[in-house]
Amino acid sequence: MVALAVVVPLLAPLPASVRYLPLVASVAIFGLPHGALDYVALPRALSGRVDARGLAIVGVLYAVLGGAYLVAWVVVPVPAAVGFIALTWFHWGQGELFVLRDAFGGSHLEDRTQQALTMVVRGGLPMAVPLVGFPDRYRAVLETFVEPFGGSIGSAWLFEPGGRVAVAVGFGLVTVLTLWRGWRLADGQADGAGWRLDATETALLWAFFLLVEPVLAVGIYFCLWHSLRHIVRVGLLDRRTASSLSAGEWLKPAGRLAVEALPTTVAAGGLLWALYVVTPASEGLAGAIGVYLVGIAVLTLPHVVIVTWIDLKQEFW
């Protein structure tokens, strides 16, 4: 699917229904459900079990932070949209650290500075690189975020040729610096496979987000990369799941995670539908997806706080 996403758009423009398909699918396939597991993930990280205290903490975080961010979208939509880009940049970067360090043995990421640099690069790949390759598409998506609330992105320097060159050169240099520093940290260690995987993934993601239309690329990445990796991570917080996976059994723990995610996925879907109903979005699929992503933004803020809390428990930062 990823190979087709790269090749097909180079041969012919894709219709909107195809470009938006992964984001539409994310409602049920990995995307929305990965955050729906927060109510079991945080309690397990804090105490090893799902208890009333952990559930209450998650509920309060979502009510307070999500509610405040929704108000921000209504009152100051453009800063809220910029904040969403920055928040996603941070979160998608932090989501890579556990996989690279703990799952794939990237010992170069035991260094705190390298963790921060890697987070900047990995989070920036889906957030910054599409701006270089598809500035008009990038701006159009941002417009669908803010237009329902009376905002407008307008013409910004970042979308001009000079801005795109600055982003490409600046982010490219940060990428090279990060990989070089990681190589130096891994040099001389018994196993440098973790760094080689990091470098290979980074190069492939650079090409992917530079060549594939942004909505399609981000939708695929959200479902099949970020969300799937996060689900595996939080699944391992459950001793039963960890034990099953270590024994080579994956079907039963996958079913258990799906059952746990179902009620909160349905609840989140209901909130997103209510937001769509009451928001004066533009007609068409793009307008609907814009409102959907605003809803995702509202849910993302408390989600990021919870994941950061889990990071601290697992001795990141």
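Every residue gets a Cβ built from N, Cα and C, even glycine.
Quick look at what TrEMBL lists:
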type     : residues             : note
BINDING  : H34, H91, H226, H230 : Fe cation binding site
TRANSMEM : 20-42                : transmembrane segment
TRANSMEM : 54-75                : transmembrane segment
TRANSMEM : 165-183              : transmembrane segment
TRANSMEM : 203-224              : transmembrane segment
TRANSMEM : 257-278              : transmembrane segment
TRANSMEM : 284-310              : transmembrane segment
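TrEMBL feature annotations superimposed on the structure.
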{"residue": "H34", "record": "Fe cation binding site", "Cβ within 10 Å": "27"}
{"residue": "H91", "record": "Fe cation binding site", "Cβ within 10 Å": "19"}
{"residue": "H226", "record": "Fe cation binding site", "Cβ within 10 Å": "23"}
{"residue": "H230", "record": "Fe cation binding site", "Cβ within 10 Å": "23"}
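Against the transmembrane segment (20-42), stretch 203-224 has more CB pairs under 8 A than any other of 54-75, 165-183, 203-224, 284-310. For the transmembrane segment (203-224), the residues of the chain that approach it from at least six positions outside its boundaries are 1-2, 5-6, 9-10, 14, 18-23, 25-26, 29-31, 122, 125-126, 129-130, 132-134, 137-138, 141, 175, 289, judged by C-beta separation under 8 angstroms. Remote same-chain partners of the transmembrane segment (284-310), defined as residues 6 or more beyond its termini with a Cβ less than 8 Å from a stretch Cβ, comprise 16-17, 20, 23-24, 27, 32, 35, 38, 41-42, 45-46, 58, 61-62, 64-66, 69-70, 73, 80-81, 84, 87-88, 90-91, 94-95, 140-141, 143-145, 147-148, 215, 230, 234, 237, 268, 271-272, 275-276. Within its own chain, the transmembrane segment (54-75) is flanked in space by residues 38-39, 42-44, 46-47, 81, 83, 149, 275, 294, 297-299, 301-302, 305-306, which lie at least six positions past its ends and keep a Cβ under 8 Å from the stretch. Other residues of the same chain near the Fe cation site, with their Cβ within 8 Å of the Cβ centroid of H34, H91, H226, H230, are G35, W92, G95, F222, S227, R229, H303, V307.
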